[in-house]
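Feature list (source: Swiss-Prot):
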DISULFID  6-20  disulfide bond
DISULFID  10-22  disulfide bond
DISULFID  15-28  disulfide bond
């Protein structure tokens, strides 16, 4: 389990950091 490279969690199914997605829900990860 590697740590996603985005410093945020999913919020209402979205990630607001550019280039990040909710693919590692509940954490955001690089697309």
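Yeah, the Cβs are placed from backbone N, Cα and C, and that goes for glycine too.
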Helix, strand or coil for residue 15 (disulfide bond)? Use DSSP.
coil
Between residue 28 (disulfide bond) and residue 10 (disulfide bond), find the distance joining the two CA atoms and give it rounded to the nearest Å.
6
Tell me, by DSSP, whether residue 10 (disulfide bond) is helix, strand or coil?
coil
State the count of C-beta atoms found within 10 angstroms of the C-beta of residue 10 (disulfide bond), not counting that atom itself.
19
If you count CB neighbours within 10 Å, which one among the disulfide-bonded residues 20, 22 has the smallest count?
22
What Cα-Cα separation, expressed in whole Å, is found between residue 22 (disulfide bond) and residue 6 (disulfide bond)?
10
For residue 22 (disulfide bond), just give me the three-state DSSP call.
strand
Run through the Cβ atoms and count how many others sit within 10 Å of the one on residue 15 (disulfide bond).
23
Using CB atoms and a 10 A radius, I'd like the single residue among the disulfide-bonded residues 6, 28 with the highest neighbour count.
28
